[in-house]
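Notes for the one structure printed next.
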């Protein structure tokens, strides 16, 4: 009896898992170009594989990206508040002698700035009352521009546009998908508001790099960095491969910041030290905004989202 019962494993060819031939017989190896001979399709396939690898290897860090981005965005305000407190006498002298602030008004101006920057930055880091915190920090950027007479300085103007873009990214990050309806009044959902703020934040974030292109001495390295950086800025602004482009800008700006704004290597008594420190922390703030963009994506008003729709 036992000799008539086969207990051996079935042979590989004894059955057909796809009798109708509907499955793909080729092994899967990720995204493939539709036309392997087309260079554009090859580039698209390569960029897709790069994005997939970035997504895979950044998973352990991804839960912490929002907190890192928010802290880096407000670090320039924290440094500015600390600098005002530690250089109180110099700040008062500058406002009164050069900006012609009356006695008392100069003190009030600095006190309001310090309190707003400390409270607003803390609220952003803790994700509490984010709308009011962002509004307060935006007011500080504008008030300081007029107070210190730097509003018409091109470098200051472009940098602060980028800082405002980072604050818009913070505001977008704090939004949730809900609708607040008011009887008889036209309203838009939080999701729609988030899309518009993300678009504004993306566009404003790239102005720092435009300032980098417009000033400084030119070299072969600077030309190549400017060309690739400008291309990445345009891709961020329109939302095409926005995560990859933002990650590239994070890398470029971080390297540039360490070598160009190395305030720690300048003597503490040198007047250039404060300017380098200011530029260093402002660049960190803009890098924080780009990190939030890498985490959140470009939003609905972007080429990437339109491609998903179609």
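For all residues, glycine too, the Cβ spot is worked out from N, Cα and C.
Range annotated as transmembrane segment by TrEMBL, chosen from 85-102, 247-264: 247-264.
The stretches the transmembrane segment (220-240) and the transmembrane segment (132-151) do not meet in space: the count of Cβ pairs below 8 angstroms, excluding pairs fewer than 6 apart in sequence, stays at fewer than three. Long-range contacts of the transmembrane segment (132-151) within its own chain (CB-CB distance under 8 A, at least 6 residues past either end) are made by residues 74, 77, 94-95, 98-99, 101, 109, 113, 116-117, 119-121, 123-124, 157, 160, 163-164, 167-168, 170-171.
Scored by C-beta pairs under 8 angstroms, the transmembrane segment (284-303) has its highest count with 157-176, from the stretches 105-125, 157-176, 247-264.
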